[in-house]
Amino acid sequence: MSGVVPTAPEQPAGEMENQTKPPDPRPDAPPEYNSHFLPGPPGTAVPPPTGYPGGLPMGYYSPQQPSTFPLYQPVGGIHPVRYQPGKYPMPNQSVPITWMPGPTPMANCPPGLEYLVQLDNIHVLQHFEPLEMMTCFETNNRYDIKNNSDQMVYIVTEDTDDFTRNAYRTLRPFVLRVTDCMGREIMTMQRPFRCTCCCFCCPSARQELEVQCPPGVTIGFVAEHWNLCRAVYSIQNEKKENVMRVRGPCSTYGCGSDSVFEVKSLDGISNIGSIIRKWNGLLSAMADADHFDIHFPLDLDVKMKAMIFGACFLIDFMYFERSPPQRSR
């Protein structure tokens, strides 16, 4: 009896395996959801869709459910979301342009000029060109046309070749193309070349601008009149009959003040509107980034509004366009 060693009671084989098997460090697999995860702050609990016994966790939405956040695909691994959609623009993303709502077509109105029917003043903002500041290379002018609500009405772009721009500078002939929110060219302004080296008072040397709306159909002209003291222009119809006059200040190079060009009737008594070149401080003195305010009556004929609008660009090229060599002196 003394030589017999007591033994423990025998246990089933299954219990022995459970005791000797080391614990699995991997957690159980998460439950499978037939849904898409959306980044961003968790929203309110979404009621369960038809066919699901219970609600889904916060931040999960079924594919059939509309959500307020777009779906994003992870790029280059898992990274935190630094920009919430709709909050701030992403890096290298241009700011969207707010356009003026497009009006309905009107009878007896050239297509594209319906915007001017609703306005009594517009702002002409020239783009700042850093290349012209750093070099002597003249670039094509670009302008943004906006209303009082800072909504874009038109975009004006110069279409002149490099040789003509840099050879003739401010005296260059040019073509300005006016486009709307759909990118359609609704107006064209052309300035022919005029030689002013022989006699500035000669009729053949006077500047002229032709306005076409739609392109190819002339609606009027802006013609310069020689005057010893001030800038004087005539706004003419398609038959070159004088309709209005534009009278500028005695000095258009006033520093620290606005330059006002008054639009008057032919007899000079009635004041119809104005073209004001705004003084923008050092930016006006050093760069070609002019700002014009154009005012006209709300009930003025839309073609005459377009002619006053066109006169603004002829004034800009003749008196406020600074070539790079002149600015460096």
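Each Cβ is built from the backbone N, Cα and C atoms, and glycine gets one as well.
Feature annotation (Swiss-Prot): of 41-49, 59-67, 86-94, 140-148, the stretch labelled motif 'SH3-binding 2' is 41-49. Per Swiss-Prot, the stretch carrying the note motif 'Nuclear localization signal' among 115-127, 167-179, 271-283, 284-296 is 271-283. Cross-referencing 98-106, 242-250, 260-268 with Swiss-Prot places the feature motif 'SH3-binding 3' at 98-106.
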